[in-house]
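Participant: Sharing the record's features from TrEMBL:
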- 12-35: transmembrane segment (TRANSMEM)
- 12-145: domain 'EamA' (DOMAIN)
- 41-59: transmembrane segment (TRANSMEM)
- 71-93: transmembrane segment (TRANSMEM)
- 99-118: transmembrane segment (TRANSMEM)
- 130-146: transmembrane segment (TRANSMEM)
- 158-176: transmembrane segment (TRANSMEM)
- 162-296: domain 'EamA' (DOMAIN)
- 185-206: transmembrane segment (TRANSMEM)
- 218-242: transmembrane segment (TRANSMEM)
- 254-273: transmembrane segment (TRANSMEM)
- 279-297: transmembrane segment (TRANSMEM)
Amino acid sequence: MSSASTTRLSAGMLAAFAAIYFFWGTTYLAIAVAIREIPPFISGSMRFMLAGLAMYVWLRWRESKPLANVDLKMAALAGVLLTGVGNGFVVWAQQGIPSGIAALIVTAVPVIVLLLDWAFFSKRAPTRQALIGTTVAVIGVVTIVTHTRSLSGEAHPLYLASLLLATVGWSFGTLIQKRAVQPGAVLSFTCAQMLFGGVFQLFMSVVDGEWSHFDPSIITWSSLAAVAYLVVFGSIVGLNCYLWLLTKVAAPKVATYALVNPVVALLLGTIVLNETLTPLVIMATVLVLAGVGLVLFQDVLKPSRLRSFVSRRAPAVAPGE
């Protein structure tokens, strides 16, 4: 039986990767629209509590006790770390930190997951292909961000600390939930996790005093549509694909979403906002995709397997030729 680290990617896994790569890349724009009129933690609590409740109703319709096979303590821990700290503090930090700096820090997730998994969880050292692929992809993202976004302006230490906390929280949560969820209870675990994360963000909205200056009367249909998009595609579709992938493949591979999302956001900006796509950015995008491809398909691209592949397909050479 192959381990998660050596599992070959099936069509379903590739589809799930495509979902988190694309939908979580588009959430940058949706979040920006939502927080124009709805404070960060309030919008986050709306997003995850609505998504969790919708999933619970659907699961309850299918079975009498949808959360019976879920370790609620682990779901609460994963929910607070991922959807609470990991998502909530990133959105909150974007109130006072340049988006370019935010994007740079978030791309550290695959690296942090790789190192945390090595140090505290699987104890397996990252492969050479994984290290090279992650490094190449990070270089590509850094090039994109520094070329397309202004990194000028001061980043308040509190917002910077919030972003760093979110990145570490998401990375720890990823590794914890990978070991906590049962393969047959992915939907139930995601449901519980989102509810706990939503409650945590609701608590943070009170701590941060967001309700004192929140005026529901100014909410427009565009903000509501953005929240609805985040509920359906960012949470219900995205998180379920993410958690399902964690039951199938190694966490560092799944964490490559953080490297692809900025590229998707960039392409979306080019299409929707008519932003310029320069040759340098195109080259950097190729770097990102090449690096991520090396991480995802590192088992197939091992030198020994490539030699075996070539030898099996090489034509036989007759003596004297």
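Cβ atoms here come from the backbone N, Cα and C positions, even for glycine.
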Participant: Looking at the stretches 71-93, 130-146, 158-176, 185-206, 254-273, which one shares the most CB pairs under 8 Å with the transmembrane segment (279-297)?
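Facilitator: By Cβ pairs under 8 Å, 130-146 leads among 71-93, 130-146, 158-176, 185-206, 254-273.
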Participant: When you scan the chain for residues with a C-beta under 8 Å from the transmembrane segment (12-35), skipping those not six or more beyond its ends, what do you find?
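Facilitator: Here the qualifying positions are 43, 91, 94-95, 222-223, 225-227, 229-230, 233-234, 237-238, 241-242, 244-245, 248-249, 254, 257, 260-265, 268-269, 272, 296.
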Participant: I'm a bit unsure how to read this: which one of 41-59, 71-93, 130-146, 218-242, 254-273 has the highest number of Cβ pairs shorter than 8 Å with the transmembrane segment (185-206)?
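Facilitator: Most contacts with the transmembrane segment (185-206): 41-59.
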Participant: Given the cut-off of 8 Å on Cβ pairs that are 6 or more apart in sequence, determine whether the transmembrane segment (218-242) and the transmembrane segment (41-59) share at least 3 such pairs.
Facilitator: yes
Participant: Against the transmembrane segment (130-146), which of these stretches has the most C-beta pairs under 8 Å: 71-93, 158-176, 254-273?
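Facilitator: Per the Cβ count, the answer is 254-273.
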Participant: Using DSSP, break the domain 'EamA' (162-296) down into helix, strand and coil residues and give each count.
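Facilitator: Across the domain 'EamA' (162-296), DSSP assigns the residues as follows: 114 helix, 0 strand, 21 coil.
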Participant: As a quick check of your reading of DSSP, tell me how many residues in the domain 'EamA' (12-145) are helical, how many are strand and how many are coil.
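Facilitator: When I sort the residues of the domain 'EamA' (12-145) into the three classes, I find 107 helix, 0 strand, 27 coil.
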